[in-house]
Structures are given as C-alpha cells and as structure tokens.
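Undergrad: Sending over a structure as structure tokens; questions will come in a sec.
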Amino acid sequence: MEEAEREGWWTAGMTAVAAVSGGPDSMALLHLLWKMAGERPFKVVAAHVNHRFRGAEAEAEAELVRQTAAQWGIPVETADIDVPAYIEETGMNPQSAAREKRYGFLKETARSYGASLLLLGHHADDQAETVLMRMLRGTGIGGLAGIPYRRREENLELIRPLLRITKGELLAYCGRNEVPYAVDSSNSARYYTRNSVRLDLIPMLENYNPRLKESLIRLADLAAADDEYMEAAAEGVFRDHAVPSGAGFRLKRRRFRGLHVALQRRLIKLILKYSSGPWHTLAFRQVEEVLEALSDEVATVARIDLGEGWVCVREYDEVYLGPQAAEPTVYAYPVSGFPCFVELGTGGRSIRFERWERAVTSLPVNRWEAFFDESSLSLPLIVRTRLPGDRMAPLGLNGTKKVQDMFVDAKIPRSMRDEWPLVADAEGRILWVPGLRRSGIARVDAGTARTIRAAVEPEFRTPPQTGHE
C-alpha cells in the first residue's frame, strides 16, 4: 500500500469505509487495511450489502464478513436490500439496480461515520475486462480510460487501491495470509456479459497476445491521460462559450461550429452535466443528433427531445441545452426610488437604476445601457415582460413598431421573448427594450437637469452589439 502514500490519499487519523463483498478481492483489501491500521493511526469501517440475489449463499457471505471483521476488531455495517423487488418496480437491469442501491448504502455509511474515503476492491483484471467490454461497444477515449483509480463525489473520495494488482496476486495474498473468502457462484454464469468476456473471450484473445490484460491496462492508462487533457480543454471551452439560461445553458451556434468536433461532443456533455435537474447521460447517437441539428445544412429553427425532460433548441444562432423550460415567468416590478436594483430572475441578471443630478453628454456604452431625462417621465418606472400588442416609438423612426417585430428583426429566440425585460413609465409608454432599442421619449439634452441611468448587469449576450440607438 505504499502507493497510497505516493498518490496522496493516505493521511494519519483518517476514517475510511471499505466495500466488502466477501470475495477474495475485498477480503484481501480489508486484511491490508487491518494491517495498516496496526502500524499507523486511522479507522476503517467494513460495509457489506446483501442484494438478495442468491439466497442462503449471500447470507453466508454476509456472516463471513461480520465474523472476520469482528475477529480483526473492525466495525462492520451490513444492509439487506431487496434489489429484485426494486428491479421489478423500476425496470432497471440487475447490475445497474444493484449498483445504485449498493453505492447509496456505502455513501450513507461513510456519512454516518464522518469518513472522507470510500475504498473499493476493483483489481487489474476488472480493469482489463471493463476496457475490452467498452471496446466492443465502440466507446470513446473516456470509455477506454476504464475504471478510474480515484474519483470525487461531493465530499467523498472513491479510491480503488487494488486497481494495479491482478486477481492471481490477490488470491496468492489470501493464501499466504490465511484470509478467508467466499466464491460467488454467479461469477461462472455466462449469461452475464462480463462473465462471458472473462471466461471465454479473454482466454481466446490471449492466444494472439499472451499479455492481453497487461496491454488493455496500458491502453486504459494512456487513454486516461488523454481524456484528462481533453476534459480540461473542454472545461475551458465551456467557460468561454456556455451562458447560464434558466436551468440550462445557451451558446452561439457559429462559435460552437468553429470548435473541433471532439470539443463539440464534450461541450454538449458538459452542458448537461452542469445544468440543473436530474442527471441525464446522452448516448452517442443523441450527441450526433445535436451536432446535426446545429450544422449549416439544417433549418434555422430546430428542436430535439433528449429524453428525461431534456431538450436541445436551436433558434437562429442561439442554442439552448438543458431541462425543458417551465412556463415563462410574467412580471411587472416598479422602480421604487433611486438607486434601485430590479432582479430579473433570469441568469442572475438585474437592471440598475440611478439618478444623476446633471445632463449626460456621452453616449451609452452599448445597447444594455440607456439614459433618460427625468422631467419627461411619468414615475414610477416599471420593468415588465411583454404584453400582447405592445408597441414602441423607436428613436430615429417615425411612428411606432410592434415589440414582437423588434424581437423577430433582432433574431431573439422565441424561448427568450416572453421573459425579456421592457422598461416603461407610469403612463404605460415603453421607453426601452434592453439590448435592442430605446424609444425617442425622454431624450437627454443640454437642458436636462436630472438624468436617469438604466443598465442591465450582466448583459444577456444574445443580440448583436453594433452601434447605438
């Protein structure tokens, strides 16, 4: 276990939970931890789950874990979970259902003991089998990286200390140290894909490469390094391209299409990872559907249902990825005095209103800022969403124009129009559509005594930023 110190996860006084099935792998791990605890101060807790798949055999394994842990003076927590009933209730496959329930119990055990580490007994043979199975499915670099040596989930770090040790070495260790263990009879059932790969496919391929497992493990190490680099690059792209929007994110289609396709795929997955709502993974086919919808050959408006309430919506150059939006929020907020912040509830944005005791001679810095002559306004000002039939008299234009037409001209996505803020005065006159145009009402000139400044913070980053109205 010297590797534990090299990897930096081993600290004196720590508390760790070890997942112990009763098989040779996890029992060897528990024995190693017991020996280590005798040499330096730390606490280990054994955790075992009976999934109720194998009746008396599974009960015997639970008893083996309890007795051995007691003999070694290790606290043990066990759970008896009716996974078959859970499978019938949810329709999940057995492996996924068992894993979900098992990890739930392990994390709860870690929380109750204040443990920062969860130690798992996966070994090198498990890694080789995993990589080969994923190759058969046509996985990407992330899949070829196999089982990670360490991974953080919230406040808990998952460590697999045995990942570079073979099954044969663990069996030999158990023999030398008289470590008791159970043999899971289901491991010989070939109707499980992993068992068939281990019992049939790997021995056959070893005729072509006797060091197949070693080669697969090396492939996983190389892929893991490449995947780590690519994921870091994708994180940087995410920060540069993705803008929070409700529970999901928006991005510019043209900028997105300028990325290498490898980064495009990763960015799509990262957006779903960081969106609010239940975790939802995408199949390769779904990622490709999103890429196709954002291509130059597809109409300017497109929508893809990604399942579990997740959508991809393209409107002109604007793309939304994330949970399907709820009904738009309708609001009307009075501006009560100056200075005043009006929270919009969309991406943490607000409109700041200030009163200046002077005229302003400079132009607004962009379309997200506007100046008004207070003497020409009917107060209080109102920040509201659009209403049917809304019209404004844009600065520089004779007559009025529908706000709806202004949205269309600026190619504001339909999904954003109903929550877009408008600024009106107490007479109902629309003074400003932030990011688009201001009206000709209450223009500031040399005779202005008091100026009202309004500015959106931060900007929506959606319409074009060219010139001033």
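Note: Cβ is positioned from N, Cα and C throughout, glycine not excepted.
Okay, so TrEMBL annotates it like this:
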type: BINDING; residues: Ser21, Gly22, Gly23, Pro24, Asp25, Ser26; note: ATP binding site
type: DOMAIN; residues: 381-454; note: domain 'Lysidine-tRNA(Ile) synthetase C-terminal'
Undergrad: Here are the binding-site residues: Gly22, Gly23, Pro24. Which has the lowest count of other Cβ atoms within 10 Å?
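TA: Each of the binding-site residues Gly22, Gly23, Pro24 was scored; lowest Cβ tally within 10 Å is Gly23.
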Undergrad: Tally every other Cβ atom lying within 10 Å of the Cβ atom of Asp25 (ATP binding site).
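TA: Taking every protein chain into account, the count is 23.
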Undergrad: With a radius of 8 angstroms around the mean position of the C-beta atoms of Ser21, Gly22, Gly23, Pro24, Asp25, Ser26, what other residues of the same chain does the ATP site pick up?
TA: Val20, Met27, Ala28, Gly121, Tyr181, Ala182, Asp184
Undergrad: May I ask you to report the DSSP-based helix, strand or coil state of Asp25 (ATP binding site)?
TA: helix
Undergrad: The domain 'Lysidine-tRNA(Ile) synthetase C-terminal' (381-454): mean pLDDT?
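TA: It averages 92.
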Undergrad: Counting every protein chain present, what is the number of Cβ atoms, excluding its own, within 10 Å of the Cβ of Ser21 (ATP binding site)?
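TA: The answer is 22.
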